[in-house]
Amino acid sequence: MVIVKKVILNNVKTHSKREFDFEKGINLILGPNGSGKTTLVESIFLALFGGDFARVIDYFKKGEKTMAITLILEDKGKTYRIRRKWVLENNAKLVESSLELIDTIPKKLASDHNKLLQQIKHLFGLDKKIIPLIYYKQNEITKIIEMDPRKRKEWFDEILGIKDLEEFSEKLKMAIKLIKTGKISRIEDRIKLLKAELNKKSLLENKLKNYKEKLVLLSNELENLEKEYKILENQYKEYLELKAKLKSIEGQINNINVKEIESKINNIREELNNIEELTDYEKDILSKKHEIIRCNEIKNRLKELEKEIKDYDKIKKEFLEIESKYKQYEEKRLEYEKAKMLEKEKEKAKREYSYLLKEKESLEKEIAELQNKINQIKELEKMEQELLEIQERIGVIKAKLKLLENIKDRCPLCGAKLSSDTIEHLQKEREKLQKEYYYLKEKYNQLLIKIRALEKYKGLEKVLEAKTKHLETIENRLKEIKPIIELEIPKIELDESIPYKYKQLLNKVSYLEAKIKEYERYKNIECPYDIAIEELKRIEDKYNKYIKKPALERELNLLLKELERYNSLLKEKEEILSKLNPEIETKYKELTKKKENLLSEISKVKGIIKEIESQIKEIEKHESTIKQLEEKKRKWEKLVEKLNRIVKALGRDGIPKALREGAINYINDMANIYLREFTDKYKLKVNNDLSIYAIPIDNPHYEIEAKNLSGGEKVVFSLSIALAIISWLSLQNMFMVLDEPTANLDNERTLALRKTFDKLEKMVEQAIIVTHNELLDTGENHVVRL
């Protein structure tokens, strides 16, 4: 149901900057020759299809470098804007191509030429192919009737898409050829090569068998060698261990000086005999020594404590001062906590106040809107009354229309014969009543929609009352909160260093008081340090000799153990020498070399076996590949078979013929339906060869070739066929453009054509007629004057 609403031209031929409005129904573009009428309608198609419609450079206004066309379309209640802009360089360059939905919020649907063409096809069903059906240039309105049947068939096939099917069929034939010579041929060559490779498999299998037998022999030989080697390996390990142990023992024996050890043992024993007599002094010396150590510890601790407690008085004084400040701090802190709580309450109140203000503002708006809707309900009664009046008037019109419906030549009431003027008058009256009926019907529907929309507002008084009460509650709460917000809270500053200093000094004082107590305790301990020193000096010489006894005993034990170890090593050396067999080493080295050679040979054979197996596997893969390739070949052959069937179906006696005949049958039926709206003199017949004939209603056996009809009749036939084709293409309610349809017609035929156009209004949503002939203006059509 697409119609043109507005065309805006900038520098298009004779039009510098102009806007043209169009309406639903018949639109006349009236003006003398050369006024730019044809340019205006061609601009519609230039906006839709750009350079695909015509050579853009020919439309630039002389001397201008830019040109723009804006087209406003309406379809299914939605409004669209198409804009194209060109600049003149060496040629006309398209710099803007856009499509927007401009109902409420603008939405861009396309921003380049190709996307725009796609959207025009998708949204409105328009493409370049249907231009000949909806746009008739000067002297072309009867071209469907007048063109040669062969050309008509070509034109008809292009519109139906049969030409596209033929092109598609040729492309399929080319694809079939490429598949046969390319894909299938390459697959066959590949299969041939792979089958040649398969013949090598048996030779490789025999070779593999020989090498596997050789590997078994070598493995058996290695197994026997391994058993012998394992026994000898353990013997050889024992041999090496004994050899290493012997070397270690000999080294240790050489490091021991036996004579020197024996001399030292004798000297130490003699010295120990001399020390035995000093044993009685041991307990006394130890007692005095412990007494001296204890006294030294007490003296040292007293010195440490004196250092620590010397600043006690000063710290105690500082503590008393800070204690007073701490008490003041605690009092102030309680006030601070109280102020902080008040501040939190105030902030909470502020947030609540702000929220309530917003809610109040929102409620006030809602109440105002509700009040407005309630006021609208009062208009409902007036609308309902108006609806009843319209219903009554529609009933009256329906009755009159029913009465006038079957008027031919006699009065439906009295049966009297009517004059032609009376019949014409009654027909005009009927048309007038029909227009009034459609107008009232539309008004009735609009009122009904408004009434239904307003009915939902009933019962809003209770909602308004509830909202008003809620508003009062909010206002009362705002009054309660306001004093809290306005409350002045005193600012209190706390010195946070005071509690820290207080705790620090308290810990110091407590620590020092504990140390003073410890100092007093140590001071009262008796310590006979000087007496113990005097007695220790008296027995010191004897003591110094005595204290050497443990060291001498330890040294003696070590020397005795070393002598014992020497004797043990000599014995162990003799045992090892009796076990050593030098032949084991020679035999072990020979066997190791033999094993290495055998392992190398086995590894080499395994490598060859692996390589042969890999080659066999690769060849076996060829079998799978051949199957896959053969399956692939079958698929391509099936595809070729299917494509050949499609090509056959697309041949002359296939789909194109069925499509053409189906379309011709449909067009015959629909064209006659449209033709009956224009005239009751003829029926229309379109043959399969697309020859067109007129059959007189009063003589159905007589056929007239349509091109031999009068000018006005040819126009009617052309329009009927065009409308039928549009219907076949599912493009009903499309707009139509006729350029100078009355050219070469006299006044009588022009007036007859005007009646045809009046009937055309029922068949298309919009018709735009370009003319210089004022006779086409009935006074009821929308006129654009140039």
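Cβ from N, Cα, C; glycine included.
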Practice problem: Check Swiss-Prot for me: it has N33, G34, S35, G36, K37, T38, T39, Q138 binding ATP, so pick out which one of K13, K17, K121, K153 it puts in that same site. | Solution: K13
Quiz item: Taking 194-249, 250-305 as the choices, which stretch does Swiss-Prot tie to coiled coil?
Solution: 194-249
Self-check item: Long-range Cβ environment of T38 (ATP binding site), under 8 Å and at least 6 residues apart
Solution: K137, Q138, D739, V770
Quiz item: Same-chain residues six or more away whose CB lies under 8 A from the CB of G34 (ATP binding site)?
Solution: T14
Practice problem: Under 8 Å Cβ to Cβ from G36 (ATP binding site), same chain, six or more residues apart: give me those in sequence order, or none if nothing qualifies. | Solution: K13, T14, H15, L786
Self-check item: Pairwise Cα distance maximum in Å, ATP-binding residues per record: K13, N33, G34, S35, G36, K37, T38, T39, Q138
Solution: 19
